[in-house]
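Everything below concerns the one structure shown next.
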Amino acid sequence: MDSSSSSNYFSVGSTNPSAVVLLYSKELKKWDEFEDILEERRHVSDLKFAMKCYTPLVYKGITPCKPSDIKNSVLNSEEIHYVIKQLSMESLQSVDVLREEVCEILDEMSHKLRLGAIRFFAFALSKIFKQIFSKVCVNEEGIQKLQRAIQEHPVVLLPSHRSYIDFLMLSFLLYNYDLPVPVIAAGMDFLGMKMIGELLRMSGAFFMRRTFGGNKLYWAVFSEYVKTMLRNGYAPVEFFLEGTRSRSAKTLTPKFGLLSIVMEPFFKREVFDTYLVPISISYDKILEETLYAYELLGVPKPKESTTGLLKARRILSENFGSIYVYFGDPVSLRSLASGRMSRSPYNLVPRYIPQKQSEDMHAFVTEVAYKMQLLQIENLVLSPWPLIVAVLLQNRPSMDFDALLEKTLWLKGLTQAFGGFLIWPDNEPAEEVVQHHILLHSNIASLVKDQVILKLESGDSEVVDGLIFQHITLLTCSTYRNQLLNIFVRPSLVAVALQMTPGFRKEDVYSAFRFLRDVFSDEFIFFPGNTVKDFEEGCYLLCKSETIQMTTRDILVTEKGNAVLEFLIGLFRPFVECYKLLCIYLLKEEEEHFTEKQYLAAVRKFTSQLLNQGASQCYDVLSSDVQKNALAAFVRLGVVEKKKVNNDYIFSVNEPATTKLEEMLGCKIPIGKPATAKL
């Protein structure tokens, strides 16, 4: 049930008006223990590790085959024969020409998984990881559950995506634990890397185009290729729900294409079940942090190349702290579909005939994608640094070390109360922990004479590679702060809603919360139609931390709650400020129509001027990630209209709706009870 008809959720009675009234309760999750796999690697020869006896446990229903057999199976499948026949009639191309095209697509796409390549990467990655990471921590209980799952049913691995390292990390870990290495969906960009592209292909990568452009034959070949590997139980299939690396450390909204494909064999009764395994990969320090800041500031992403990889060797002399890889419980697709989706519609048509996805099926795929992402988020590890940097950003440019330590420890308690997966070495003095993480991130902050100072200048020059150094540092800091928002977003939205609501009537606060959740649903992961539960979770966490009390009618702020609310509002304020500034830009936009590229360039110029003039201190607005998310939200809210013209999308501003949104975000007009999606 969605939130729009939920007034009865807030009418739970109590004779005592000061009593806390909540329908939501949440037990604190207990996570598995971590083991550092590098500890053993440091005492055993890398060559011995790479050449070890490797006999992985496999799926009980496996059909043994070579990579070339999979290609032949796809080429000769009923589905591809049917699609070729249909396209031949539509395009008047001969069947032989189309069949030749299928062979070319398969040659471009398919992996050539070989044990020799796996052993090479095991040797190389073991050396590299020991050089740049203190630890690579894995929950071995999760590995044991995965081991059982792989033998029972086809498995799909769904890791979070923050770094290029993610790509081969799971292959390295599964090889380490004698599990079958996965076949991995990779972008075509990697094929441009001489030798490396082929090495990746031999380590299990299969390549997909970023866009299929309505190419029916390509889609048919790609989906049949993935389904063939899944049906045969050839190897676990791995792909990233986010589709690309998150440059901002916030989980990106999911892509649904590959998830739809891997679900199909179950719905067509070709497999009894399929396990989906959410995997959370967390970094103390992200290898590409500076590169990401450049990209967010508008510098084009460097093309993947072998030369670029060789230039990146300098990172081998740096310390990136620890990596944490948490394997979540395998989730049965059969259980998810039980009572929710019927498989009978698939019985009405022969399996080889492609079917258009029904609305019900699309809704189900969407729900599963968001569920998997929320499970990933739940198991993402927070190191002390995101807490430290969140405090620093609210007290920039510098802070007394003792004050920073005190505030960070206060935030540590709040993070744990909110159920955050915080790894904090309690056996070490707190000041040493904070000092260690400042040193680890010495490119961003430094400790000078009891003052912790953000590095906002670069020697004699304020400009580096055409970018203002201060902007690079602050966007890098924002990336780490964003890790906190994964668990703080719901209580933060309640805090901002309280600030926006004159009087603290529960239903008015809820209306403001619903409005904010709707506006920012491209920035954060919310389960579709779960607004009430999200509101209750936010309120529950604020009650649990003794920030608020709830009566049947009102939300009351406690005496100690003001400090928590002030911090949460400060944590979320950059996003509200960004969207307000982008509304102001749109109202000044002189062009009647514009493309996304024109919008990004003009917004960058407009916001840079505001910051240079001191008219705003909101550096997050420089992020192309925020700018793109805001544009998507504005289209969804009817603030901007989007049309397709000559294979490109053009946008135009709805001025009254934009003005209204800007005023609502700035609390100039009340939200009102019917906070509908369209403004």
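For all residues, glycine too, the Cβ spot is worked out from N, Cα and C.
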Annotated stretch (motif 'HXXXXD motif', per Swiss-Prot) among the listed ranges 161-166, 305-310, 341-346, 527-532: 161-166
Other CB atoms, at most 10 A from the CB of Lys642 (N6-acetyllysine): 14
Long-range Cβ neighbours of the motif 'HXXXXD motif' (161-166) (under 8 Å; 6 or more residues past either end): 240, 242, 244-246, 249, 252, 281-283, 286-288, 323
Tally of residues which DSSP labels helix, strand or coil - the motif 'HXXXXD motif' (161-166): 1 helix, 0 strand, 5 coil
